[in-house]
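Now, the feature entries from TrEMBL:
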DOMAIN    6-121  domain 'Tetrahydrofolate dehydrogenase/cyclohydrolase catalytic'
DOMAIN    140-283  domain 'Tetrahydrofolate dehydrogenase/cyclohydrolase NAD(P)-binding'
BINDING   G166, R167, S168, I236  NADP(+) binding site
Amino acid sequence: MSAEIIDGKKLAITFREQVAQEVAQFKEQSQIVPHLTAILVGEDPASAVYVRNKQRACEKAGIQSTLKRLPAETTQDKLHKLVQELNADQSVHGILVQLPLPKHIDEVAILDVVNPLKDVDAFHPENVGLIVQGRPRYLPCTPYGIQQMILSTEMETAGKHAVILGRSEIVGKPMAMLLIQRGLGADATVTICHSRTQNLKEIVQSADIIIAAIGKPEFVTADMVKPGAVVIDVGINRVNEKLVGDVAFDSVKEIASAITPVPGGVGPMTIAMLLKNTLTAARIL
Ligand code: GUN
């Protein structure tokens, strides 16, 4: 049996249309135009594409979008001051510092400066803390998008075993928090695997939900997947000019009950959730 393909692109369009409607209503009621400012430091071509896609999506939803582009040699102090200026700018509701930053910049120190109310990525420790306590202000865009994709399958998640591959601050850790959350979360039992995990294959084989976010092309193979598992692929790896995920899609789709493609899976949902968060920011500021 071949898995249901979870069409992130299509689902993202639904969310984006909904946000566009809510933005229009919000503008009419408040005379305020939600405004996202993205900061892009350096010349990383993938980051430039991501930021351009985020900007386009904002514009289509009626959200104002500004890009602050800085050279790779920008100093910590200069970037710090720019974030402070955006914090103080009342016309800016959301601030997004595109990661990764160049190596000479202390990334954590920069993210700490972002006003938590404008932190639409939910990377600030105050927002991370609120998520851990189960009372989020913002949800980080990728885990938020994945949560919506899992909800779209209408699978029962309570008590199920979710295995996350990767312990990143952007995906792995916050994803675990959302999956264990009761009520609006998934009520799942969660394991996070990483580069030092022993018996990784056996752990993944026991998963009802697999979230692959380790950045290794086609790492999750069919022999690691329990029949009927739901497989979410966060990987975006460039192999011979082709984009491939962290999951060997063609073989795993024959075993899973639902699977996300790459591209057209998690990526578009991440952007849709950013739009939702930016509207939330305009509402709460
Ligand atoms: N780099 C990779 N993913 C993300 C993300 O979700 N937000 C930001 N700011 N940078 C990223």
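Cβ atoms here come from the backbone N, Cα and C positions, even for glycine.
What TrEMBL annotates, mapped onto the structure for a quick look.
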residue : record               : CB count, 10 Å
G166    : NADP(+) binding site : 23
R167    : NADP(+) binding site : 18
S168    : NADP(+) binding site : 16
I236    : NADP(+) binding site : 18
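Look at G166 (NADP(+) binding site): DSSP puts it in coil. The domain 'Tetrahydrofolate dehydrogenase/cyclohydrolase NAD(P)-binding' (140-283): residue composition by secondary structure is 52 helix, 28 strand, 64 coil, according to DSSP. The maximal spread of the NADP(+) binding site, taken as the longest Cα to Cα distance among G166, R167, S168, I236, is 16 Å.
Counting residue by residue with DSSP, the domain 'Tetrahydrofolate dehydrogenase/cyclohydrolase catalytic' (6-121) contains 62 helix, 18 strand, 36 coil.
Confidence over the domain 'Tetrahydrofolate dehydrogenase/cyclohydrolase NAD(P)-binding' (140-283), given as mean pLDDT on the 0 to 100 scale, stands at 97.
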